[in-house]
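What follows is a single structure, written as structure tokens, with notes after it.
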Amino acid sequence: MAAAEETSSLFPIFILTIMALPLVPYTISKLCRAASKKAKIVHCQCSVCSSSGKYQKSMHKKVSNFSTCSNLTLVLLWVIMGILVYYIKHISQEVQPFEPFSVLGLESGASDSEIKKAYRRLSIQYHPDKNPDPEANKYFVEFVSKAYQALTDPISRENFEKYGHPDGRQGFQMGIALPQFLLSNDGSSGGILLLGIVGVCILLPMMVGVIYLSRSSKLSGNNVMNETLSTYYYSIKPSLAPSKVMDVFIKAAEYMEIPIRTSDEEPLQKLFMVVRSELNLDLRNIKQEQAKFWKQHPSIVKSELLILAQLTRETVDLPSTLQEDFKRVLEVAPRLLEELMKMAIIPRTQQGHGWLRPAIGVIELSQSIIQAVPLSARKASGGSAEGIAPFLQLPHFSEAIVKNLARKKVRTFQELRDMNLEELTELLTQTAGFSAMEAQDVEVVLEIVPTITVEIICETEGEVGIQEGDTITLQAWVTLKRKNGLTVALPHAPYFPFHKEENFWLLLADTVSNNVWMSQKVSFIDEATAITAASQAIQEAKERSGATVEEISTAVREATEKVKNGSRLVMANFLAPAEGNYNLMSYCLCDSWIGCDKKTNLKVKVSKRSRAGTRGGVILDDGPALGDVIEEEEEDEEEHDDYESEYSENNEDGNDTKNNGAKANGKVYGKGIELNSEGSASDEN
């Protein structure tokens, strides 16, 4: 039992080790992620964003951001570890090796007379006949007498000098790091020990597994409920108009869990009257339409009205209870929109294609929610295919100011962005009537508006042309530039109460058939991951082409520099369709900014599958021999349609295209053009 008492002191060390193994690396990784994110993200510096309070570093906000369940649990575990370290240190001070000279208060090598003198002195102080204290008696027997014997008895002293203990060589002891009460002789200790083993080894893993399975059965990897994904998948249709995307979006299971209160009926009725124009109700049967709207599920009605309140910026007069629901609706909106986008472009057809029309509608809805701009503002007007929506995302702008700018021949958002600083300041102060501070806010926002360029290379590796069933490799460099020189920045979104990072979607689609051939999400946040992915992709592509080690090293180095300069590499493969000519369009769409998207027109000629060695170029009636390759074109903005949107007017397609593609061995090089209000729109589907 003495050995058990000694080994039981190891139990705190055992617990400390078990806690430290996962806790230390997890804490380090969490701190590194927080430091990396803090260093990279830069938010808008305009006065509107500053006054919104979203980026204010108040003590209350810091505490609220820190007081998450995971952070508090982490702090609690570190507190427990600190207590264990203090306890172990205290025990180590109590457990000292037996030193007879130290017990008697002598220096090593003292004479026999000095030993006897010290023993008599301590006997007067601790002997039971002189001191009735039980602790003194215990100390005298276990330490003083034992030390005197070790130094006066020849055998004991020899053992101490040889082995460090008066009793001679001590055997090697092994113990179990368990608390002492579990090692007692009574019968209850065995039951407690058994229950502990069962609890730690069986019940605890089972509980963790049940909780994990229960959570994973409800949520996807993006913390969106699986019920929501199922609803989105079956609700999206290929011909879904952008204005109808809202009807699918608000069916999320997360919104169905929003509480319904009788006290919310009156403010929701008032809100309905304010945002009624955005509901696309039939004015000829307005009463029936309103009755139909209110017959929907109360959660759907409430969610849609709160989202429309965001689009129309009518949130100031909402009561406190609705303000909480409003923030809850917007907090999950980016995740839901991302999953809705995935459901739109998920392979649906036999060829593995998604749908273009609903995908564009999801992006438009995302842009409008983040920028708090009504969907109706996207309707083409005044020579702008995107309407006044891009202007309304700027601070201090209104519909009246946009009309004033149109009188000065500034009708598109791109024209405003292309102006130099002097012209812009004069326009804003004199024509728009802005103060110097307000004009500076607009200039600050225009400096962080991203400019996207897309360079695409399409090829069939090892082949000269394209035949049915060939694997086409798409390599696209998406480059982001801003006037202020930053690559990573949060968008200007003062009316969206949460941090929102910019994301881009690169789509390759056939606008005629409404099919999305290829899609990929592009992010500019994590540069290190982008460098690794780009280097690996370029290296593998060069190795397949038979390049030398020096050529591979050069290509990887160039790719790394491109990523550091604000570019991201997109690599994708897709199968060539059936024989025919295809007019494809590459879209690079931003989910946070309006009027910053890019498109690139691609012509694909696919030949019929033939025997090996018989693949040759085919001459089109209206152009030169294409050699069965992909031809990329950069279209003039005034000649080609904007991407299809219900909020743009229909115009005839441009008939002329300008071919800037440089063809060589089945490869085509080119750059995309910006989707701005100078382009005309189409609605063929």
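Numbers here mean position along the shown chain, with the first residue as 1.
Even glycines carry a Cβ here, placed using N, Cα and C.
Taken verbatim from TrEMBL:
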{"type": "COMPBIAS", "residues": "629-654", "note": "compositional bias 'Acidic residues'"}
{"type": "DOMAIN", "residues": "99-164", "note": "domain 'J'"}
{"type": "REGION", "residues": "615-685", "note": "region 'Disordered'"}
{"type": "TRANSMEM", "residues": "12-28", "note": "transmembrane segment"}
{"type": "TRANSMEM", "residues": "66-88", "note": "transmembrane segment"}
{"type": "TRANSMEM", "residues": "192-213", "note": "transmembrane segment"}
Surrounding residues of the transmembrane segment (66-88) on its own chain - C-beta under 8 Å, 6+ positions past either end: 12-13, 15-16, 19-20, 23, 26-27, 30
Secondary structure composition of the domain 'J' (99-164) [DSSP: H/G/I, E/B, coil]: 48 helix, 0 strand, 18 coil
Integer mean pLDDT for the domain 'J' (99-164): 78
